[in-house]
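A.B. asks: I grabbed these lines from TrEMBL:
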DOMAIN    A:465-575  domain 'TMC'
TRANSMEM  A:142-166  transmembrane segment
TRANSMEM  A:202-222  transmembrane segment
TRANSMEM  A:242-261  transmembrane segment
TRANSMEM  A:339-360  transmembrane segment
TRANSMEM  A:380-400  transmembrane segment
TRANSMEM  A:420-439  transmembrane segment
TRANSMEM  A:474-492  transmembrane segment
TRANSMEM  A:579-601  transmembrane segment
TRANSMEM  A:639-662  transmembrane segment
Amino acid sequence: MHRIEAGAGDSDYDTHPFGTDVMWQTNASVLRHRGHEEQTWTETFPPTRENALENNWVDMWLQNENRPIKDLYCSMQRKIEIRRKQERKMKKKTGLESWKEEKGRSWRKFRRKMSVVLQHLILWKGSLQTIGGQFGTGIQSYFTFLRFLVLLNFVTFLLVAGFIVIPSIAFNELGLNQTVSHSPNNSKCFEYNPNPQGLERFYVFIMNILMGTGFMEWTYMFYGYYKKTSVNFSNFSYNVPLAYLVTTLAYFLLSLLWTVIRSVQGFKQSLITDDSSVNNYTDKVLAAWDFCIKDEKIITLKQRSIRYELKVDLEEEKIKRLHAQRTICQRAGIYSVRILLNLIVIALLCGAFYCIYRSTQESQLLLALESVKGNFILELLAGYLPSIVITAANFILPLLFNITIKWEQYILSVEIRLTLVRCVFLRLASLGMLLYSLWNNITCGDTENKTPCDNCGYNYVENKCWETRVGQEMYKLLIFDFLTVLVMILLVDFPRKMIVDHCSCKLVQLWGQQEFVVPQFVLDIIYGQTVCWIGTFFCPLLPLLNTVKYFIIFYMKRLTLFSNCRPADRTFRASNANFFFLLVLLLGLAISWVPVLYSIFVMTPSKPCGPFRDQAFIWDTISMAVESLPKVARNFFEFIASQAFAIPLFFFSCIVMFYLMALGSSYGKLVKTLKDQLQMERSRKILLNQAYQ
Amino acid sequence: MGGSSSQLSKELLNEYQDLTYLTKQEILIASQRFTDLLQKDRKSTDTTETGRVSKKTFLELPELKANPFKDRICYVFSTSENHDSMSFEDFLDMLSAFSDSATLEVKSYYAFRIYDFDGDGALSREDLEMLVNRLTGEEENSKLSKDEMRQLIDNILEESDIDKDGTINHSEFQHVISRSPDFVSSFKIIL
């Protein structure tokens, strides 16, 4: 292609087939004379030597028809001229070539139109742009992340609705129930009637909605209501339990893939920046300015934060040098302080976990008490006890962490990172604690008295349908989390802003407006997402609730951001943010896999309710489905599940991994040698120059 | 090459779409804004060339008004003799370079020219100092101290001056900036 064109076009120049290297050289020369004599070369083209060079560069663009002219960086008039030249050249060409180009051009036009249409479909594009424009990309990244979660939840909801809820409703309505009759040997385990009898007072209704009990328990919201239905027509068969299980696995995989794909970009970037932590200052100066910002106040803030960051970095460097000079005694002192403080942190965490554990147990006991029953407030408090304790722990402990970290004498960047890691751990582990205590309750885990579990394989006395119970807990966590966000915004942020605005008292002014702390808020929504992931198996409509919740949170946060907040003193960079958020999200996903997979593979499903009643394990559904397949397919699945497949696969992935690692390190070496070579070239040039003079 | 929106023929619109990264919508908004600027310009000064907005009026644009690099942006994109006025096409060029879909190459080229204060094709120590001062605010109390500045510029050159000639040239700049993840998302001005 290249050669044909060079032959066909004017051949008074010499094209170089290797793209960028040469281009950069020519560009640099263009640049040098563009600086002062701009006008000479934009308006007239005297046939000087320099211009020949520049024409050369432009002609190279003409050669490469695939690149649109807009990629050229020169003024519009120039671009138009180049375009005319191109058109003239096109006339000289044969029919086929010009047809090809015409096609390329119309394809570009089509793509452009499509992208305009698609851009209208992007959710909240305008909002995100205004936020970015007002507050910079760091805060924008929080909202982009929120949007990603809304979409993820919505797609999950579509999956669940399409494959579980709608078929169930349809079969129910059509009366296609083929409920399997109970096996009579253990009839005690089959009594389950959550449907309330008689009239209810209004507060009970509210209560049921908030706690997911009563009439709510017996709806499509929870696991327990789904029936073991399988429909078999001549050419259509649908098995609800199988669909339930496969959909669960599918949305977990979908979430994993989507998150991983999103984080790959960030991962690459963070690898690049990590591998040269040397790039730090250049980043902070050459790529520092956020041109989107147009608010004068924010610009002053941004300038202040840039200055602050630069100063802190320079300071840190000094401190690092000082730290390196510490004597052994000093070091020993610091390390002992750190160990002590870490012990305190661990003690605090253990205390919090114990409280969560106890509150879950107590909540159940309290709800059974006669004095609590019938009292609206007390019942609500007792039901929400675990959620309240978790939220309180997540509110108080980070404050304490912030105090203790000051004494540990880390440099600032480590300080921030360490506090964040502790908060993440607290968030996710408190959820784990809640689940552990539920598990204890359901399986009579470590209590001595195992009698309630003897009959049915799980604690039938307290949890008639334990999956629904877990679903209710997650449902309550989600609702409480949402309520706290609303309350915080309406009852704390707005009054605070009003007080700060109208009171000139020094103390109040010192307190100041609320900061928009991106990492903290992101942890909040990741926690909510983890709850949703865990709960979706037990409460299939949870993704819908979560979509609505995040949707509303988006608007509330935007409202409070614009009316109440000032940006944080230390800006959060969009790039580290994106990768860090996704990493924590992946961690949350991994954690949510554990309880769900555990209940699928190990626990006995409830006898009187749910699509898996009567089975020893939930996973049996899959093995039964495989058995009903034709022989070839069955053999195939058996082979995949066998060791003969797993062990070679394991070794193969090991080999691939080692290969990639070797490749990576060799590239690193290559970069180093190339850098050395460049420097050598440079010094040789200087030497030659000196010799010449 | 007129400025007012009503005069933008379909052909011209198509051509602009081909030559810039802007969409039709954005070009129309830009032309509206430019017409407003022209009218404002006519009121404040009486000696205007046709279809050009003087630098002074142009820098009043709310998107640029508070930007510490506004004069540099105007200088780089203006095609007039003294870089003191903007035509509609210059304006489109600017918006195109600052748009969402412009390539890293284009963006880094213009960023380099904006930061190259003396226009000699390389970022010298003086250029960097000016850049840092604009970033931190130019008042006496907000500037970095001399020592800090020296240390900072040493560090920057240490990192990005690959051939060790004491300045950052265009290819070095391009190299460094392509590794900086925030650059593309922050080098943006949208009307």
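Sequential numbering from 1, following the chain as shown.
Backbone N, Cα and C define each Cβ position, glycine as well.
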A.B. asks: Which residues, given as numbers and ranges, are at least 6 beyond the ends of the transmembrane segment (A:339-360) yet have a Cβ under 8 Å from it?
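C.D. replies: For the transmembrane segment (A:339-360), the far contacts come to 385-386, 388-390, 393, 397, 400-401, 404, 407-408, 422, 425-426, 429-430, 433-434, 436-438, 441, 473.
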A.B. asks: When secondary structure is assigned with DSSP, how many helix, strand and coil residues does the domain 'TMC' (A:465-575) contain?
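C.D. replies: Secondary-structure composition of the domain 'TMC' (A:465-575): 87 helix, 6 strand, 18 coil.
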A.B. asks: Which bits of the chain, at least 6 residues beyond where the transmembrane segment (A:242-261) starts or stops, bring a Cβ under 8 A of a Cβ in it?
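C.D. replies: That would be 152, 155-156, 159-160, 163-164, 167, 226, 230, 533, 536-537, 540, 543, 582, 585-586, 589, 593, 596, 600, 611-612, 618-619, 621-622, 625.
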A.B. asks: Between the transmembrane segment (A:474-492) and the transmembrane segment (A:380-400), are there three or more CB pairs that fall under 8 A, provided the residues in each pair are separated by 6 or more in sequence?
C.D. replies: yes
A.B. asks: Grab the same-chain neighbours of the transmembrane segment (A:202-222) for me: Cβ-Cβ under 8 Å, and only residues 6 or more beyond its ends, written as numbers and ranges.
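C.D. replies: Same-chain residues near the transmembrane segment (A:202-222) but 6 or more away: 165, 168-169, 194-196, 376, 379-380, 383-384, 467-468, 471-472, 475-476, 479, 538-541.
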A.B. asks: Would you mind listing the long-range same-chain contacts of the transmembrane segment (A:579-601), meaning Cβ under 8 Å and 6+ residues beyond its ends?
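C.D. replies: Those are 141, 145, 245, 248, 252, 255-256, 259-260, 262-263, 266-267, 269-270, 420, 424, 428, 431-432, 435, 439, 467, 470, 519, 522-523, 526-527, 529-530, 533-534, 537, 617-619, in sequence order.
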A.B. asks: Over the domain 'TMC' (A:465-575), what is the model's average pLDDT?
C.D. replies: 84
